[in-house]
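Student: Grabbed the feature section from Swiss-Prot, which reads as follows:
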type	residues	note
ACT_SITE	S467	active site, proton acceptor
BINDING	D78, D120, K121, E441	Mg(2+) binding site
BINDING	C119, C193	[2Fe-2S] cluster binding site
MOD_RES	K121	N6-carboxylysine
Amino acid sequence: MRSDMIKKGLERTPHRALLKGTGVPQSQMEKPFIGVATSFTDLIPGHVGMRDLERYIEKGIHSGGGYAFFFGIPGVCDGISMGHKGMHYSLPTRELIADMVESVAEAHRLDGLVLLTNCDKITPGMLMAAARLDIPCIVVTAGPMMSGRGEAGRKYSFVTDTFEAMARYKAGVIDAQELQVCEDNACPGMGSCQGLFTANTMAILTETLGMSLPRCGTALAVSALKRRIAFASGERIVDLVKDNVTPRSILTRAAFENAIRVDLALGGSSNTVLHLLAIAHEAEVELPLETFDILAKETPQLASMNPAGEHFMEDLDTAGGVAGVLMQLGDKIKDNPTVMGLTIKQLAASIANVDETVIRPLSNPVKKEGGIAILSGNIAPKGAVVKQSGVSAAMMNFTGTARCFDSEEAAMAAIMEGKIVAGDCVVIRYEGPKGGPGMREMLAPTAAIMGLGLGDSVALITDGRFSGGTRGPCIGHISPEAAEGGPIALVEEGDRIELDIPGRRLQLLVDDETLAKRRRNWQAPAPKIRTGWLARYAKVVTSANTGAVTSAD
């Protein structure tokens with residue numbers, strides 16, 4: 001075992017003494033040392049229930065014959081950090097989390113890891129660490145929040161009834177009392193936000209990748225089932241250590257293709273493009289951006305999930321969960337091993353019935369194509385991403401007038417002041433991985449556009465990214481980004497921009513000669529942040545089209 005390096009032999013006398021100083025009895029020294037990377041914090045609703053899950057994981061590890069050690073991993077709530085300076089830090093924490101898990105596991109020679117996670121950047125950061133370390137690992141996602149409940153059976157959700165409600169109030173559609181009711185009911189308790197936003201999409205994809213146990217991706221945070229999954233995961237990691245089952249034996253090209261197909265079938269968050277690319281990078285699996293679009297054209301959307309649709313995570317769980325989606329996808333799924341001991345096709349076969357009002361069959365899809373599309377054109381030569389499942393038919397083809405803003409705050413002010421009108425195409429730039437820095441989510445502007453009733457007449461494009469709660473004609477991840485001299489930096493107020501989602505085109509309707517002249521006059525802006533972690537991050541982060549990973553090259 002790896003842990004023998006810190007607990008066996010004469011030379012490890014000091015090491016054993018220190019371990020005994022933590023309370024480890026001599027009788028436990030022969031057991032596998034299992035690290036539990038916990039991202040508990042009472043700052044995030046999705047993580048406040050983790051103390052309970054920690055207990056069940058620890059019980060499972062000890063029941064399975066291992067010895068548990070806990071260490072803490074930070075977490076950032078994208079909702080709380082949204083719309084201000086805090087959002088600069090969200091995506092960069094993904095890299096910090098991967099580095100911290102790697103550092104503790106390697107420094108202490110842990111034999112295996114249980115990765116307790118839930119929210120947006122924490123789950124991909126944990127998976128990146130698992131792929132990088134390639135020691136036995138299992139992931140426990142803490143589970144979704146229930147939908148909020150109101151009078152006459154109304155269901156509330158975080159994004160629609162907070163960010164969008166704010167804009168509806170500003171427009172006079174609802175009054176202050178209605179807004180207060182929304183605020184009080186949108187988040188009824190612990191768990192990751194209720195729709196198919198980034199956290200829940202990543203939990204589902206973690207199960208699809210084979211890195212968590214059945215139902216882990218959809219079982220509610222408040223459920224006893226989640227506790228049982230936590231216990232079983234603790235037991236299972238000891239078996240994985242004994243059998244030396246490592247993440248790279250599971251995170252194959254087939255696993256990533258399966259995850260993409262499930263993502264597309266459900267209409268998941270566009271952030272998953274960044275995260276799957278980054279996890280594949282750590283697993284040394286080649287996964288070009290174009291893969292998402294190739295699979296989207298042959299994978300129909302089978303569910304209509306909140307925020308763009310009517311179903312919540314609780315509905316998906318009772319309808320069949322991940323296994324139900326896999327069963328409906330049938331032969332489009334490739335067989336692959338998992339941490340659960342079953343193959344992915346065996347998991348699909350384990351479910352008896354699927355509620356086809358929630359997870360439709362291939363013969364009756366919600367839409368003929370999957371939820372994500374990859375666009376390109378002279379404004380995005382290395383690609384851009386749109387969650388087409390959240391775009392109305394009226395906006396699948398659109399030509400608009402560029403309204404240019406060099407920050408999210410400037411765009412948000414213009415939207416809320418009524419300066420954006422039907423026929424406009426909002427351009428938010430210098431918000432990419434380097435330029436932001438941190439590639440902030442543009443949820444506030446997109447929610448404001450939807451809340452003001454402009455979702456069928458205004459588009460938004462950016463080198464930033466979007467929340468999983470975003471809906472509407474919002475194109476992000478434009479690469480190269482403005483800070484690197486990408487063509488989005490050359491767009492001027494009043495230019496015409498053409499969006500053709502079915503044709504996968506995003507085109508600035510300006511001739512090459514004019515663009516060449518603008519490029520000669522363009523100067524890179526000074527870095528927005530010159531000290532601290534974000535300044536270092538901006539120097540080493542790569543483009544969105546490669547997952548916005550950090551590189552030592």
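Placement of Cβ uses the backbone N, Cα and C atoms for every residue, glycine included.
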Student: Would you find the one among the recorded positions D120, S467 whose Cβ has the most company, meaning other Cβ atoms within 10 Å?
Tutor: D120
Student: Could you name the residues, excluding D78, D120, K121, E441, of the same chain that surround the Mg(2+) site, i.e. Cβ within 8 Å of the Cβ centre of those residues, in sequence order?
Tutor: V76, S81, M87, S90, L91, C119, T198, A199, N271, S467
Student: Given the recorded positions C119, C193, S467, which lie close to E441 (Mg(2+) binding site), meaning Cα to Cα within 10 A?
Tutor: S467
Student: Rounded to an integer, what is the Cα-Cα distance in Å between S467 (active site, proton acceptor) and K121 (Mg(2+) binding site)?
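Tutor: A Cα-Cα distance of 11 Å.
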Student: Using Cβ atoms only, which residues of the same chain lie under 8 Å from D78 (Mg(2+) binding site) while being at least 6 residues apart in sequence?
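Tutor: Expected: M87, S90, C119, D120, K121, T198, E441, S467.
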Student: What does DSSP call E441 (Mg(2+) binding site) in the simple three-state scheme?
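Tutor: DSSP call for E441 (Mg(2+) binding site): strand.
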